[in-house]
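What Swiss-Prot says about this protein:
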- His16, Asp175, Gly176, Lys177, Lys251, Phe252, Asp260, Arg266, Lys267, Ala283, Lys287: ATP binding site (BINDING)
- Asp18: Mg(2+) binding site (BINDING)
- Glu44: K(+) binding site (BINDING)
- Glu57, Gln100, Asp260, Lys291: L-methionine binding site (BINDING)
- 100-110: region 'Flexible loop' (REGION)
Amino acid sequence: MTRRYLFTSESVTEGHPDKICDQISDTILDALLSQDPYSRVAAEVVVNTGLVLITGEITSKAQVNYVDLARQKIAEIGYTDSNNGFSANSCAVLVALDEQSPDISQGVTKAQERREQLSDDELDHIGAGDQGLMFGFACNETPELMPMPISLAHRIARRLAAVRKTGELPYLRPDGKTQVSVIYEDGKPVGIDTILISTQHTETLGQITDNAAIQKTIKDALWQAVVTPSFGDIEIKPDNNTKFLVNPTGKFVIGGPQGDSGLTGRKIIVDTYGGYSRHGGGAFSGKDPTKVDRSAAYACRHVAKNIVAAGLADKCEVQVSYAIGVARPVSIMIETFGTGKVSEEKLLEFVKEHFELRPAGIIQAYNLRHIPQERGRFYQDVAAYGHFGRTDLDLPWEKTDKVALLKDAFSQPAIVAG
């Protein structure tokens with residue numbers, strides 16, 4: 001009997017209050033690592049009407065102006081009009097930072113393996129910055145090997161921001177959210193049930209002042225300029241049965257930090273797989289790569305994506321866990337949900353041999369300390385629209401560079417990954 005169900009994921013635009021915070025946190029991280037690649041950073045940001053608070057723990061030789069960094073990022077996002085209750089030039093920016101605890105620092109600087117002379121391997125030098133568990137996931141539902149609901153939600157959110165920034169839809173404002181419900185049959189996406197867009201907009205649209213007319217104008221424009229282009233290379237598209245909801249409260253004029261406060265790390269499902277895969281609970285933004293919440297989640301995605309790209313599974317989830325101050329993972333788990341072409345035990349053996357999951361090894365493999373300096377900016381660009389499946393960015397953990405090894409090891413034809 002065919003099982004038919006809906007699965008829903010959401011995304012938010014860069015102007016969403018929580019995403020403002022994520023981006024400021026990662027802008028600070030970029031600036032610090034660009035000057036001092038060994039900076040220890042845990043930058044947290046809070047925003048509210050007319051207010052930005054930067055807090056957390058930072059130990060670095062870098063000299064940066066946190067207030068200027070915050071204002072520059074806020075302006076880049078699009079908050080430049082004080083009449084909207086939040087503006088780069090008029091908001092207050094408060095800074096309250098401490099240094100990293102020496103009790104934590106000693107375990108990161110010299111891992112247990114080094115302290116107790118258990119290993120002289122250079123990659124055993126750095127200990128995990130905290131205990132915890134991280135997940136990575138991939139599936140063959142989209143060209144970028146991501147679940148279709150979150151992939152579509154991100155595409156629509158990015159397009160929503162693009163038509164605002166280019167002036168194609170000049171009445172849009174920075175805050176916005178998207179949501180897509182995909183129809184599945186026996187685990188495969190077969191249709192689009194509902195698309196939801198909530199987008200901040202001006203009080204009037206030129207000569208149009210009636211709210212019903214405003215909402216109809218926005219809805220019609222979003223379908224043509226945002227939704228339709230977002231499905232360009234996706235085989236499954238909206239049809240006559242697809243429900244399309246826009247600003248279902250009736251209007252969305254008050255938005256951004258004037259409408260809701262924001263906080264770094266509150267959009268962890270948006271940042272990852274839209275709820276399709278499990279999540280270890282740790283946020284990414286504002287954290288330097290010794291924090292395994294971030295770096296190990298990137299590594300797990302790399303493992304899972306290569307396994308799926310190699311044709312060894314339709315879906316793959318990887319879990320890794322750590323103890324604070326210890327370099328080597330406490331555990332590694334691989335789950336292919338019955339779609340694997342080889343056993344999870346064999347895949348695990350391969351992963352342990354060919355993928356580096358110690359913090360120092362992850363940092364080295366993806367160049368996580370030096371990449372902001374080399375590219376001019378880096379982490380702030382993944383702080384909105386997802387950290388995975390980004391076809392618009394060159395992300396080291398998205399490379400399918402282990403496919404040939406996997407294919408040779410298990411004699412499977414590889415699939416083409418975006």
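A Cβ is built for glycine as well, from the same backbone N, Cα and C atoms used for every other residue.
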Binding-site residues compared (His16, Lys267, Lys291) - highest count of Cβ atoms within 10 Å: His16
Lowest local Cβ density among Lys251, Lys287, which the record lists as binding-site residues, within 10 Å: Lys251
Closest of Gln100, Gly176, Lys251 to Asp18 (Mg(2+) binding site), Cα positions, binding-site residues only: Gly176
Mapped DSSP class for His16 (ATP binding site), helix or strand or coil: coil
Spatial neighbours, same chain, of Asp260 (ATP binding site) - Cβ under 8 Å, 6+ residues apart: Pro17
Nearest of the binding-site residues (His16, Glu44, Gly176, Lys251, Lys267) to Glu57 (L-methionine binding site) - Cα to Cα: Glu44
Nearest of the binding-site residues (Glu44, Gln100, Lys291) to His16 (ATP binding site) - Cα to Cα: Glu44
Cβ atoms near Glu57 (L-methionine binding site) (within 10 Å, other residues, all chains): 16
Integer average pLDDT (0 to 100) for the region 'Flexible loop' (100-110): 66
Residue from Glu44, Gly176, Lys251 whose C-alpha is spatially nearest that of Lys291 (L-methionine binding site), among the binding-site residues: Glu44
Glu44 (K(+) binding site) and Lys251 (ATP binding site), Cα-Cα, nearest whole angstrom: 31
Long-range Cβ environment of Gln100 (L-methionine binding site), under 8 Å and at least 6 residues apart: Arg40, Ala42, Glu57, Ile58, Thr59
Conformational class of Asp260 (ATP binding site) under the three-state DSSP mapping: coil
Number of Cβ atoms other than its own within 10 Å, given for Glu44 (K(+) binding site): 22
